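Structure record follows, encoded as structure tokens.
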There are 2 protein chains.
Amino acid sequence: MNEIWFSEQLHPYYRKSLRVKQVLVDEQTPFQHLLLLDTEFFGKTLVLDGIIQLTERDNAGYHEMITHIPMLAHGSPRRVLIVGGGDGGSLQQVLKHPSVEEAIVCELDRRVVEVSREHFTAFGDPWADPRARLVVQDAFAFLESGKEKFDVIISDTTDPIGMAERLFSEEFYRLMLQALNPGGAIATQCEQMFFDAALIREIFTFVKGLVEHPAYYHTLIPTYPGGGIGFMYVSNTPWTAGLSRTYPEGLNYMNPKVHQAAFALPEFFRRQLADLLVDQ
Amino acid sequence: MNEIWFSEQLHPYYRKSLRVKQVLVDEQTPFQHLLLLDTEFFGKTLVLDGIIQLTERDNAGYHEMITHIPMLAHGSPRRVLIVGGGDGGSLQQVLKHPSVEEAIVCELDRRVVEVSREHFTAFGDPWADPRARLVVQDAFAFLESGKEKFDVIISDTTDPIGMAERLFSEEFYRLMLQALNPGGAIATQCEQMFFDAALIREIFTFVKGLVEHPAYYHTLIPTYPGGGIGFMYVSNTPWTAGLSRTYPEGLNYMNPKVHQAAFALPEFFRRQLADLLVDQ
């Protein structure tokens, strides 16, 4: 039997492969290689420069957790910035909060938006929402222009490789904080605790110098390396403020117990961060 | 550059591969194909019939969670049965509880014990502990003989393929419960919530007919399919009884917050079990 498999290797010691039913898009954009695969079990899958970004099956664990944790901690965010996130998954979640008046997606690669809009129809075409605005620009330049302020910023980026490496720097965190209104909260994609502990510790260290209530939390994503990923919560408001808010309807991954559980760190990892931890 | 990779495929749509430094053991035992690999990052890795059983790097999340949850819920277990578990990892954890007087490992394949004892030296040779007893026998036959009773039973088995399929049947759960003292607790390896939801629901359904306080919990294991696995907690004592006990020293994965977090079920999965859930 002929079988097509897509293999991903982000780390030199670990590969993961998904069985492919059909290659729907395979193109070099001006910024990266973009694959849109239809896979067995996981459904449609976006791959950028060889790394799986999301699948229909398991993206809720990513998009709900990167958005609702800071949104709920803030309580009533009106203006939200999504860095990257051209697939629309984070935008869909952000727009579930009735307090939101404007959600800007700052995505470098217009093709990610176009291809995702066509294929990830389960996101309900959040781009059609009058509150959504797409800015096709490098996030660094957008934030350096310093014109706009936000209540919540979500850094929904690829991994720290090539151009995206700058999005994991202290300089970028400072730029995000300069664009944050008082009482605001940030969540960033921040890698996996087993594989990337040194990077996470480095980021946590400088974030602790910038805000009062940093915290690391994590979620389950079978199609990500190691089966999950984590996020850095960056705010002067503790994440626990979110536990008492009203949750959006129609969630598929998050609930109040999962919200709390996400901040429970396995002992080996808690020890590695022990001198830095404030709220967990 | 020449590279050796080991690839595992338990499901028809998902493969995972680890980079191999050296193949240390490769043999057909009377029961299965046994590989002991030295892998990059994950260290020594036991593979049975092509499926990764444990690695040095990430086994704590499995062995601590399958043992301490029922041990702590019981409070002072004196006699413990481990079904399978010939690698010694669960035995090491069980023996950390000072109340334990005897821990029996009922393992079908003596070679698993011998090879693991030689290579997984981080388990501290729990077989040398005078409280440890190895029974080389099929667990079904051992339990059917019905001679011994236990305070805690840990079903630390391979996946439900071939002979091991019986270990996921209602009949086997009934046999374990017949061997359980009043106040006792069982934990079983019970697959992954994204990939095996139908099997988990089936097991939960019959377990609910057998005990008052069944519960499903989960842990992170990057080298397992989907990056994690779950366990069925089977007892007339709620798992929450364990939260107030004294924890063993020297844990690498579990702590009180992780203990509680393990029972938080992602919303899509909680909905699938909603009519069955008692304590979560």
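Every residue gets a Cβ built from N, Cα and C, even glycine.
According to TrEMBL, the domain 'PABS' annotation covers B:3-236.
Annotated S-methyl-5'-thioadenosine binding site per TrEMBL: B:Gln32, B:Glu107, B:Asp138, B:Ala139, in sequence order. Taken residue by residue with DSSP, B:Glu107 (S-methyl-5'-thioadenosine binding site) is part of a strand.
As annotated by TrEMBL, spermidine binding site applies to B:His63, B:Asp87. In three-state terms derived from DSSP, B:Asp87 (spermidine binding site) belongs to neither a helical nor a strand segment and is classed as coil. Take the CB of B:Asp87 (spermidine binding site) and look out to 10 A: across all protein chains shown you find 25 other CB atoms.
The feature active site, proton acceptor is assigned by TrEMBL to B:Asp156. In the three-state DSSP scheme, B:Asp156 (active site, proton acceptor) is classed as strand. Within the same chain, residues at least six positions away from B:Asp156 (active site, proton acceptor) with a Cβ under 8 Å of its Cβ are B:His63, B:Ile66, B:Ile82, B:Val83, B:Gly84, B:Gly85, B:Gly89, B:Ser90, B:Gln189.
Checking the binding-site residues (B:Gln32, B:Asp138, B:Ala139) against B:Asp87 (spermidine binding site) with a 10 Å Cα-Cα cut-off leaves nothing.
The DSSP secondary structure for B:His63 (spermidine binding site) is helix. In the three-state DSSP classification, B:Gln32 (S-methyl-5'-thioadenosine binding site) falls within coil. With a 10 A radius on its CB, B:Asp138 (S-methyl-5'-thioadenosine binding site) counts 17 other CB atoms from all the protein chains. The residues near the S-methyl-5'-thioadenosine site, meaning same-chain residues not in B:Gln32, B:Glu107, B:Asp138, B:Ala139 whose C-beta sits within 8 angstroms of the mean position of the site's C-beta atoms, are B:Phe31, B:Val83, B:Gly84, B:Gly86, B:Cys106, B:Leu108, B:Asp109, B:Gln137, B:Met163, in sequence order.
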